[in-house]
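Feature annotation from TrEMBL assigns active site, proton donor to Cys114. Marked as FMN binding site by TrEMBL: Pro31, Met32, Val33, Gln85, His184, Ala238, Arg239. Annotation comment: TrEMBL describes 29-292 as domain 'DUS-like FMN-binding'.
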Amino acid sequence: MIDDIGETEECRLKDPMDLFHSGQVVKICAPMVRYSKLAFRTLVRKYSCDLCYTPMIVAADFVRSAKARDSEFTTNKGDHPLIVQFAAKEAQVLCDAARIICPFADGIDLNCGCPQRWAISEGYGACLINKPELVKDMVRHVRNQIDNPKFSVSIKIRIHEDLKRTVDLCQKAEAAGVSWITVHGRSIEERHQPVHYDAIKIIKQSMSIPIVANGDIKTLKDAENVHHLTEADGIMVARGLLANPAMFAGYEETPFQCIQDWVDIALEHGTPFTCFHHHLMYMMERITSKQEKKVFNVLSSTSAVLDYLNDHYGL
């Protein structure tokens, strides 16, 4: 679970809220299933990412099973500030998960935005936006049971068709002590439709806590535009960072140095081959021809990938 964590005191000194009070827009790596793990977080932190989330972890499994904790969560001394995202539907289970994670992370986030069928049928994710009292209760419980006042409790939501309901949810969460709210500007039904940045702006104007904008941000220019459109305090990016982990540092496409850094970090962390390869496929999407992709995407071992990168790019 913990990879060279060192002094847990050191972790407690990080306060994610300091980022929101810095006067700069906070640049955030989203929670991504399979992808926003320690090695990738290490990479994006090298390229101006301020705050990283873990992939979503089911709180009940995490509390119940040491095996789940070891496979789902790894961190180290450089991996801060770090937010651990949980899927939960019971206040005490979320508190128990938060208590376990507290010495090793800087905050938790409650997933109220995942639109996948399995999550919703289990009572997790986006269905929670229709249960504002439960969300409020979960936030308040964690606030009351975690002693560390710097430990953040945030939520990530989607919007309702009727935006008044979203504002009501956010205000209830704020009253319960939520640190900030990330808003993915689509409803549960919307997948690839345009993001409602105007809705994020209305939510921002209705709240006194920080609001983070999320959805369809692919470049640093997009991030700046969305900040101007929404007045959000932070910008959270998922696919844009997968395609270009150096995006927040202002690179238009993945620089070769970033690919080299990924190879070094992934090998050092013992990243499983499939994950190592998938990240490279995303990073090289814009800089390789169709023919090169055909060859690269079917490579089946780390040594074959390393040989290819050496032969073609001198990496």
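Note: Cβ is positioned from N, Cα and C throughout, glycine not excepted.
TrEMBL: automatically predicted annotations, no manual curation.
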CB within-chain contacts under 8 A for Cys114 (active site, proton donor), separation at least 6: Met56, Ala87, Ile120, Tyr124, Gly125, Ala126
Among Met32, Val33, Ala238, which are binding-site residues, the residue with the most C-beta atoms within 10 angstroms of its C-beta: Ala238
Among Pro31, Gln85, His184, Arg239, the one of these binding-site residues whose Cβ has the fewest neighbouring Cβ atoms within 10 Å: Arg239
Taking residues Pro31, Met32, Val33, Gln85, His184, Ala238, Arg239, which bind FMN in the record, the widest Cα spacing (Å, whole number): 17
